[in-house]
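As given in TrEMBL:
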- 39-261: domain 'G-protein coupled receptors family 1 profile' (DOMAIN)
- 358-379: region 'Disordered' (REGION)
- 23-48: transmembrane segment (TRANSMEM)
- 60-81: transmembrane segment (TRANSMEM)
- 101-121: transmembrane segment (TRANSMEM)
- 141-162: transmembrane segment (TRANSMEM)
- 201-225: transmembrane segment (TRANSMEM)
- 246-270: transmembrane segment (TRANSMEM)
- 290-314: transmembrane segment (TRANSMEM)
């Protein structure tokens with residue numbers, strides 16, 4: 001959404017909109033990229049710790065956090081550079097560079113959406129009948145992700161084959177537009193220019209949202225409303241299972257509340273060719289576009305917030321991770337010194353040993369055994385002495 005000044009817009013109003021854009025794309029988007037990358041990375045590391053890694057739900061959510069980093073470093077970064085700094089990253093080199101960047105960005109977005117469906121289905125299966133012990137399946141998550149990735153590779157192949165075309169700008173200058181052009185003479189460009197937005201809306205937003213919403217309703221029913229299948233589990237296992245489920249539901253709620261409405265309105269009512277004709281249309285174009293993009297990209301940077309706010313189990317693992325990583329050396333030395341300190345520092349140990357000795361000396365059986373040993377030793381010494389004299 002690179003904005004140029006319309007003819008009928010007052011200069012002072014245009015300066016205000018430029019300032020607003022700079023704040024959004026140079027400030028807020030830069031914050032989302034930096035904070036979101038660090039937060040998602042910390043989320044993935046935490047979810048892959050030994051205590052949480054045994055849940056396949058946490059494995060899927062760790063992959064989702066890494067995919068969110070990919071969205072921030074492709075789509076969000078491209079929008080920040082284009083609209084905030086007027087740097088067209090995808091148009092810097094040739095058509096191959098443009099197509100590869102567009103394909104990777106769309107593929108990662110699709111994977112980030114469908115991974116939520118996969119983790120919801122996995123949690124739904126576990127909520128029906130939770131086994132007494134977690135079955136270790138090292139290849140289930142990997143195989144499922146690879147199959148999903150291959151399907152999305154096929155669905156986004158048109159970006160790799162047809163995206164990008166040269167357009168004429170002012171003064172007969174050529175510019176590589178990394179989009180599908182409706183005014184192009186190429187039939188494939190015209191077709192994908194009119195269908196790609198709707199394909200993205202259906203495959204990345206509408207279908208995943210519907211499936212996720214239905215599966216979440218059954219997850220809530222099986223896990224919280226009528227958890228009859230979990231009665232054989234201990235209360236502690238039930239609590240951990242529900243905390244993992246709550247963490248998943250929070251992430252799904254963020255996707256449904258932030259991404260789905262914004263992307264839907266963006267596709268249905270966002271046509272620059274119509275809105276840029278008048279002053280009011282330009283204002284509406286800028287404001288709505290900024291709001292939609294802020295909502296969409298905020299979700300991809302907020303995985304850590306969703307997990308941290310919804311699950312005490314996640315907060316406990318974060319605390320252990322940070323304390324283990326940043327524990328001072330003097331605390332380690334003090335722990336070693338306490339382990340090897342003399343008994344005067346631990347009077348209860350000394351008292352236990354003294355009581356054990358006193359109890360053994362006062363026992364009649366022990367006294368009888370000691371007398372037998374003394375008599376046996378004296379007899380053996382007498383025999384050895386007689387043999388030596390002989």
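Glycine is treated like the rest: Cβ placed from N, Cα and C.
Remember, predicted model here, so these are calculated numbers, not experimental data.
Proximity of distant same-chain residues to the transmembrane segment (141-162), defined by a Cβ-Cβ separation under 8 Å and at least 6 residues beyond the stretch ends, is recorded for 56, 59-60, 63, 99-100, 102-103, 106-107, 110-111, 114-115, 118, 180, 186, 188-189, 192, 196, 199, 203. Here the transmembrane segment (23-48) has Cβ contacts under 8 Å with residues 58-59, 61-63, 65-66, 68-69, 72-73, 76-77, 79-80, 83-85, 290, 293-294, 297-298, 300-305, 307, 314, 317-318, 321 of the same chain, all six or more residues outside its ends. Among the listed stretches 60-81, 101-121, 201-225, 290-314, the one sharing the most Cβ pairs under 8 Å with the transmembrane segment (246-270) is 290-314. Against the transmembrane segment (290-314), the recorded stretches 60-81, 101-121, 201-225 differ in Cβ pairs under 8 Å, and the greatest number is found for 60-81.
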